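Q: Mind having a look at this structure? Questions to follow.
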């Protein structure tokens, strides 16, 4: 029997149909649509979902998610709350480092691992997490990650009260696994829930949870430590993640992937050999490198070169990540609304604007002008950070989208991990002028990569 010959037959009284081996596919589709009105036609596979009662038959193979009872913006809100809580947990030790050092009798380098360990863990765990997400129900994995954070936070709180530094670090490593899972799963689920016309906007809103969480952790950490003792910072934000899960769970019902969609090992390997994925990954690496370099060394530059106090310098440099709330959301809006869904113009503009600003940053001495430069640079750089996760999943098959996002996370955070270290070495050897010059050259490299970046196609 010819395997390409098939027809549609009813499988239940809910108007579901499957293809049988007697009639041509085109003929079967035509007959099915002639016998049954579009408003009740429901294909058996969720990859072949009708968009609306006014949709033409060409939309028979539409990939747009249309699950009943699904609330796209409820998913975005819930996932963003979870991610915000985890981002606050990630950065909060930096706000009370002197208290932790005095309590545990450790130096600044060792204390730096309290935050650095989470970046390192994320780089290592991201790809395995993405492979798991492509093969399992991301909703359940998201819930498991929230539970993992509660365990890690409680463990860190107890270890901190006991003065056990190694256990505190181990708990932070566990929290890092929870963070990268939520980040990858959140992007995957938000992307599934949104339509192609709003996907970049939705993911941009979700990625804005990063700077929001950083601001929350930095701003409230000292208050929490003063009121309840510094170990309490590790459990302070678990409540926010639980609230996020309560919002996310019912809204995301219906987004579970079918088991038949699980990618093969060969498909997983194809992601790592995909030149488009590597191109977008390199954009993420360069973007995160610029982001963390300015975050890490901007305040030190203002203190050492302009004579500002560290407190004032830190406050001024805080505008750099803070503008990311606007920038990361705007990246999706600009791409979706202004450029008709095109991604490449956004990342090209991101590096084209940031390159001269970073290159000539140390040439200016006016404080108001430097603040303006920090705002513009922060906005430009984070356009790439907000869009890249939507961008990369659109250049691969949807079955391995979570793996592509995990790859993007791993490569991007590698830049975030290495840039502050490399920047410190360059500052020590050659000074701030050379360090900012080399950072600006990274942005120039970003222009070259973005110029040849692929543009995802839409079916």
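Counting begins at 1 with the first residue displayed.
Backbone N, Cα and C atoms are what each Cβ position is placed from, and that goes for glycine too.
Among the features that TrEMBL reports, region 'Disordered' is placed at 44-69. For 60-69, the entry in TrEMBL reads compositional bias 'Polar residues'. Annotation source TrEMBL lists transmembrane segment at 72-89, 109-129, 141-159, 165-186, 198-216, 228-249, 277-294, 306-326, 346-364, 370-392, 404-426, 432-451. Summarising the annotation, TrEMBL assigns domain 'Major facilitator superfamily (MFS) profile' to 73-458.
Let's see these features in context: how buried, what's close, how far.
A: Averaged across the domain 'Major facilitator superfamily (MFS) profile' (73-458), the predicted model reaches a pLDDT of 87.
Residues 90-91, 93-94, 97, 100-101, 165, 168-169, 172-173, 175-177, 179-181, 183-185, 403, 406-407, 409-410, 413-414, 416-417 of the same chain lie 6 or more positions beyond the ends of the transmembrane segment (109-129) yet place their CB under 8 Å from a CB of it.
Using a Cβ-Cβ cut-off under 8 Å and counting only residues 6 or more beyond its ends in the same chain, the transmembrane segment (165-186) has close neighbours at 79-80, 82-83, 86-87, 89-90, 93, 104, 106, 110, 113-114, 117-122, 125-126, 129-130, 133, 138, 141-142, 144-146, 148-149, 151-153, 155-156, 158-159, 206, 234, 402, 405-406, 409.
Residues of the same chain lying 6 or more positions beyond the ends of the transmembrane segment (198-216) and with a Cβ under 8 Å from any Cβ of it are 72-73, 76, 79-81, 83-91, 186-187, 190-191, 237, 318, 321-322, 324-325, 328-333, 335-337, 341, 343, 382, 385-387, 389-391.
Away from its own ends, the transmembrane segment (306-326) comes close to residues 208, 210-212, 214-215, 218, 291, 294-295, 298-300, 365, 367, 370-371, 374-375, 377-379, 382, 385-386 of its chain (Cβ-Cβ under 8 Å, at least six residues beyond either end).
Non-local neighbours of the transmembrane segment (370-392) in the same chain are 187, 191, 199-200, 203-204, 207-208, 211, 277, 280-281, 283-284, 286-288, 290-291, 294, 298, 302, 306, 316-317, 319-324, 326-332, 334-335, 343, 346-347, 349-351, 353-354, 357-358, 361, 364, 404-405, 407-409, 412, 446, 456; each lies 6+ residues outside the stretch with a CB under 8 Å from one of its CB atoms.
Sequence-distant contacts of the transmembrane segment (432-451) (same chain, six or more residues past either end, CB-CB distance under 8 Å): 279, 282-283, 286-287, 289-290, 293-294, 297, 300-301, 304-305, 344, 347-348, 350-352, 354-356, 358-362, 384, 423, 426.
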Q: Which of 72-89, 141-159, 228-249, 277-294, 346-364 shares the most C-beta pairs under 8 angstroms with the transmembrane segment (404-426)?
A: 277-294
